[in-house]
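A.B. asks: I have a structure here, written as structure tokens, and I will follow up with some questions on it.
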There are 2 protein chains.
Amino acid sequence: MVLEKEKGETKPMRILLTIAYDGTRYSGWQKQKSPEVLTVEGEVEKALRTLFRNPELECIGASRTDRGVHALGQRAVIDVETTIPPEKIPLAIRPFLPEDIVVTAAREVPGDFHPRYDCVKKTYEYHIYQSPYKNPKERLYSTFVYSPLDLEKMNEGAKAFVGTHDFAAFCAAGSSVSTTVRTIFDCHVEQEGPHIRILVTGDGFLYNMVRILAGTLIAVGQGKIPAEKVAEIIAGKDRRQAGQTAEPQGLTLREIYYDLP
Amino acid sequence: MVLEKEKGETKPMRILLTIAYDGTRYSGWQKQKSPEVLTVEGEVEKALRTLFRNPELECIGASRTDRGVHALGQRAVIDVETTIPPEKIPLAIRPFLPEDIVVTAAREVPGDFHPRYDCVKKTYEYHIYQSPYKNPKERLYSTFVYSPLDLEKMNEGAKAFVGTHDFAAFCAAGSSVSTTVRTIFDCHVEQEGPHIRILVTGDGFLYNMVRILAGTLIAVGQGKIPAEKVAEIIAGKDRRQAGQTAEPQGLTLREIYYDLP
């Protein structure tokens, strides 16, 4: 794979990658100081350095997914000088990536584009497997709930998240952000047999926010928290009133949206 | 967990277990001569021996699933003398099983019941993930197909399998069985977004039969084999005319049916 040697001038470009991964093996997206710690960013960067023959190359990710969290639409940018057309990068990088990471798309973006600051909205999915017994095939990609869940109540509770609110009650302790106000554009729950999925789209999310939201809606579905109390919990800004932080393996970063031509 | 010591007389019983597993780590269901080889049966037997404190205990499985193949409804019988009520076995055995194997049900059956000979029918599912790019979360539980598949044609081809036929064309070379005649009660294809599932129910299946059937229906969906040719391929009894053997990780043993009161 010596695509760089194809005829044609190299051209400096900023490229936006879309990345899907199974987060099971990884200590999250973000590269750690110790090179011993396996991270998705570390593996992606290593593959990019090999492909572009540039040991200095660094990528900037859009979202710092936690240990065990998955992605279908993570994004990252790189600056490269190459003759490889951006749309060929997904195929060209494949031999250098482990099989649990896939680059699904690549495109050129303006030189001042930033994957975090230019993000317009993001969609996360939280997957619950509801059944009397665990399904071993789903254990790494869902949280297991034994008791039946009331979908109607969960959807009623989900509506309370929509809008611009101070989500201090849905933020892990110890995280330092300038504001805990976020706007949620959509939050709803879908069911297909034993698979229950919470889909939430917002302009940004606090640390553990989707997992606390999921834990709260599970408690609503179980009848432990009344659906009409969710709005109160948000207004109360007290983390202790919200539900538990749902397990990481149920969470998937589905999509990140940008205003790009 | 000293359930055996509960008050009450022990009673010899034949017990039928339902077992779900993620086959990824295993060299198939069946125990191998070398104890180094990890098998589902080996792990289940080890757990049962610990639970029932009987180092001689052996289980008889219903279906010898291959390496990488999964199950939701594998069955096995054991003969035990215990005070544990059968319905409590799924919970009691949990601490002794790895997390990719789950006993989902247990019930007493007559002393002459046999999980293979008494089988009335079985349902297998073959899962295809159809998308322009691989989804890393699905890689261990599906076969990936890049090109769109024509569901209507696949369902037309699937119908040809239904009935009593000599399935010699759908049997891996080198397998020795007294007859290659089997009865298929139902075969159809379902789609939910990128997930395409072939569901097939029959009185029994030849070695690799479902995987060759799946490979053939994928070829039909891709337009490589005309749907109307499937009946001819079955009638021709020539393995070389059927499609490729689809990958093992797409296959799940869904259910085994018995005539039990």
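Even glycines carry a Cβ here, placed using N, Cα and C.
Automatic, uncurated: that is what TrEMBL annotation is.
As annotated by TrEMBL, domain 'Pseudouridine synthase I TruA alpha/beta' applies to B:19-118, B:158-259. Among the features that TrEMBL reports, active site, nucleophile is placed at B:Asp66. Annotation comment: TrEMBL describes B:Tyr124 as substrate binding site.
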A.B. asks: Taking only the Cα atoms, work out how far B:Tyr124 (substrate binding site) lies from B:Asp66 (active site, nucleophile), in Å, as a whole number.
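C.D. replies: Per the Cα atoms, B:Tyr124 (substrate binding site) and B:Asp66 (active site, nucleophile) stand 13 Å apart.
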A.B. asks: In three-state terms from DSSP, label B:Tyr124 (substrate binding site) for me.
C.D. replies: strand
A.B. asks: Where DSSP helix means H, G or I and strand means E or B, what are the helix, strand and coil counts for the domain 'Pseudouridine synthase I TruA alpha/beta' (B:19-118)?
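C.D. replies: Reading the DSSP string over the domain 'Pseudouridine synthase I TruA alpha/beta' (B:19-118) gives 26 helix, 27 strand, 47 coil.
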A.B. asks: Just jot down the residues in the same chain as B:Asp66 (active site, nucleophile), at least 6 apart in sequence, with C-beta under 8 A of its C-beta; none if empty.
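C.D. replies: Sequence-distant Cβ neighbours: B:Gly23, B:Gly28, B:Asn208, B:Pro248, B:Leu251.
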A.B. asks: Over the domain 'Pseudouridine synthase I TruA alpha/beta' (B:19-118), what does the predicted model average in pLDDT?
C.D. replies: 96
